[in-house]
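Visitor: Sharing the record's features from Swiss-Prot:
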SIGNAL    1-28  signal peptide
DOMAIN    33-257  domain 'Peptidase S1'
DISULFID  Cys39-Cys173  disulfide bond
DISULFID  Cys58-Cys74  disulfide bond
ACT_SITE  His73  active site, charge relay system
CARBOHYD  Asn110  N-linked glycosylation site
ACT_SITE  Asp120  active site, charge relay system
DISULFID  Cys145-Cys246  disulfide bond
DISULFID  Cys152-Cys218  disulfide bond
DISULFID  Cys184-Cys198  disulfide bond
DISULFID  Cys208-Cys233  disulfide bond
ACT_SITE  Ser212  active site, charge relay system
Amino acid sequence: MGRPPPCAIQPWILLLLFMGAWAGLTRAQGSKILEGRECIPHSQPWQAALFQGERLICGGVLVGDRWVLTAAHCKKQKYSVRLGDHSLQSRDQPEQEIQVAQSIQHPCYNNSNPEDHSHDIMLIRLQNSANLGDKVKPVQLANLCPKVGQKCIISGWGTVTSPQENFPNTLNCAEVKIYSQNKCERAYPGKITEGMVCAGSSNGADTCQGDSGGPLVCDGMLQGITSWGSDPCGKPEKPGVYTKICRYTTWIKKTMDNRD
């Protein structure tokens, strides 16, 4: 557990890229909660939102008083993190906005190829510590990998319709289940690594544009970071794909310990 997948790009992956086999997939920049509903306010106290000015770019997950996990493809030159938010149109009592001090992508993440979703994970170090409480608190990292069929919660401010985009004002939640690795690989042949996990539902509940970097939480433990999926979103046979946290716990903890 905690050992990341190998970094090397296999020759067959390069062949697939050359042949255009990645067409129809999207790395959701900023990725929605389809077939969900408004979350109970502050029921996801670890939920973070990444902003450039007033523009929402991605979700994130608070994992320490100065640390947020998100997707590596969400990295920007200058941006901030909002915590304790529910409605994006009004200021919530626990809401706090903190500037990003450092963005640390996984060392194996491939910035040069936007269609390579491997190792899509990044730690953000905040300039100041968050004020923690019942409505703003870190989530626990999963010690074990998720089980097939396990029920999980996804959340975000991403679009609630696809392919047409319609962004909600409030945080949305939906329930999904963990898919087997075989089912995941059948949905996306040749594109799933051991550092990814799929989750979805028969009604099409899914993450989408605006949700990238947000949490997949199962039994109160962080099991995934929203990474990529099909376009349009919400196809039951094409589940959302998440960076599998249990494969990166060693890197996460080591990175945080070395910079605290």
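Here the Cβ of each residue, glycine as well, is placed from N, Cα and C on the backbone.
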Visitor: Let me know how many other Cβ atoms fall within 10 Å of the Cβ of Cys246 (disulfide bond).
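Guide: There are 20 such Cβ atoms around Cys246 (disulfide bond).
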Visitor: Can you see whether DSSP assigns Cys233 (disulfide bond) to helix, strand or coil?
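Guide: SS state of Cys233 (disulfide bond) = coil.
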Visitor: Could you tell me which of these disulfide-bonded residues, Cys184, Cys198, Cys208, Cys218, has the fewest other Cβ atoms within 10 Å of its Cβ?
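Guide: Least crowded of the disulfide-bonded residues Cys184, Cys198, Cys208, Cys218, by Cβ count within 10 Å, is Cys184.
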Visitor: Between C-alpha atoms, which of these recorded positions comes nearest to Cys246 (disulfide bond): Asn110, Cys173, Cys208?
Guide: Asn110
Visitor: Out of these disulfide-bonded residues, Cys39, Cys233, which one has the fewest other C-beta atoms within 10 Å of its own C-beta?
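Guide: Least crowded of the disulfide-bonded residues Cys39, Cys233, by Cβ count within 10 Å, is Cys39.
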Visitor: Look at each of the recorded positions, Asn110, Ser212, and point out the one with the fewest other Cβ atoms around it within 10 Å.
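Guide: Result for the recorded positions Asn110, Ser212: minimum number of other Cβ atoms within 10 Å at Asn110.
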Visitor: Under DSSP, is Cys184 (disulfide bond) part of a helix or a strand, or is it coil?
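Guide: DSSP assigns Cys184 (disulfide bond) to helix.
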Visitor: Which chain-mates of Cys152 (disulfide bond) that are at least 6 residues away have a CB under 8 A from its CB, listed by sequence?
Guide: Pro146, Glu175, Val176, Lys177, Ile178, Ala199, Leu216, Val217, Cys218, Gln223, Gly224
Visitor: About how far apart, in whole Å, are the alpha carbons (Cα) of Cys184 (disulfide bond) and Cys39 (disulfide bond)?
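Guide: About 27 Å separates the two Cα atoms.
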Visitor: Can you tell me the CA-to-CA distance separating Cys198 (disulfide bond) and Cys145 (disulfide bond), as a whole number of Å?
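Guide: About 12 Å separate the Cα atoms of these two residues.
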